[in-house]
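Chemist: Sharing the feature lines straight out of Swiss-Prot:
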{"type": "BINDING", "residues": "318", "note": "heme binding site"}
{"type": "CARBOHYD", "residues": "52", "note": "N-linked glycosylation site"}
{"type": "CARBOHYD", "residues": "92", "note": "N-linked glycosylation site"}
{"type": "SIGNAL", "residues": "1-18", "note": "signal peptide"}
């Protein structure tokens, strides 16, 4: 046998043994899942950047059950009751949260002890009490100044600066993305939009809110039950986060459905999957129906709030979630005071941008490499605009899902 043939045969034999071990003799072999996902991480990587990831995850749970082996060392879960188990206070984040800059921030710190210390340092600035002091000053001006002064490609940023920039990014990108979803689902349902507008007019007439031409406060917006129901339903039905993985704790591991998960296993679930769980929200969980929040009993509402997942879960829940809610309530109330006409246009090829951060370990040093690209997939373009025939003056034109 020639050396080349021997080398090729040996390579294939090693690969075959590795595949057999991962598929049938791995500690996670007892959990069902797709074959490719159990033998290679490329399966998970591919679906992370695919625009239909959430639909694919839903199909996996339909086929394999509430716990699916998604990668050689990873599980995805569709069971709200397991959220407190997965996101316990000792759970460390995985390498999924690779730092965007070459240093860690409060958000990207993997070790829960380091996160607690970092969280305490900024809690006074973005916590619940700070929210009331800063309602009228929160905006994008600071973010614009920071990026003009420090280019991430030319200037090294120190840790406090990284923390500040990532905090601004969280408030200036994730929340508007959620706001777009709120307005989209309200505007595409005429009955919901009409009911919300009637609530705004009634609240204006009885003095609960100022005239619709004035600026509404967060406190006043929270007095509107149907507006609150629309926002909570949009957060359930169309969240912005894809998944939030955690490692099974060192030393103890986890127990999921009476099955042991060894330490170091990546366990994740998705706000989109939990929000569509029929055991939690009923058989119409796949429908956008804000009325469910008004019809729910106090026990049901408490249960839904307990498993609310759009700002994260557990000890690492977003510290500034009050700021995000403030933006959602205030802007949604202002925009929906002007009836919106929704135009949904089909595009043969819709471009979706993706951004992947790769964490590479070379010669003992960690390097962060970002990869950007575009996927061309069939899709729809949404343009929402104010009804020009409405009695209020002004014009609103929003491309909510820009390619």
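Cβ coordinates are placed from backbone N, Cα and C, and glycine is handled just like the others.
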Chemist: Sequence-remote contacts (6 or more beyond its ends) of the signal peptide (1-18), Cβ cut-off under 8 Å?
Modeler: 39
Chemist: Taking 52, 92 as the glycosylation sites to compare, which has the smallest set of other Cβ atoms within 10 Å?
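Modeler: Looking at the glycosylation sites 52, 92, the Cβ with the fewest others within 10 Å is that of 52.
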Chemist: Within 10 Å of the Cβ of residue 318 (heme binding site), how many other Cβ atoms can you find? Include all protein chains, please.
Modeler: 19
Chemist: List the Cα distance (Å, whole number) between residue 52 (N-linked glycosylation site) and residue 318 (heme binding site).
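Modeler: Between the Cα atoms of residue 52 (N-linked glycosylation site) and residue 318 (heme binding site), the distance comes to 26 Å.
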Chemist: How many Å lie between the Cα of the residue listed as 'heme binding site' and the Cα of residue 92 (N-linked glycosylation site)?
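Modeler: Between the Cα atoms of the residue listed as 'heme binding site' and residue 92 (N-linked glycosylation site), the distance comes to 15 Å.
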Chemist: May I ask you to report the DSSP-based helix, strand or coil state of residue 92 (N-linked glycosylation site)?
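Modeler: For residue 92 (N-linked glycosylation site) - judged by DSSP and reduced to three states - the answer is coil.
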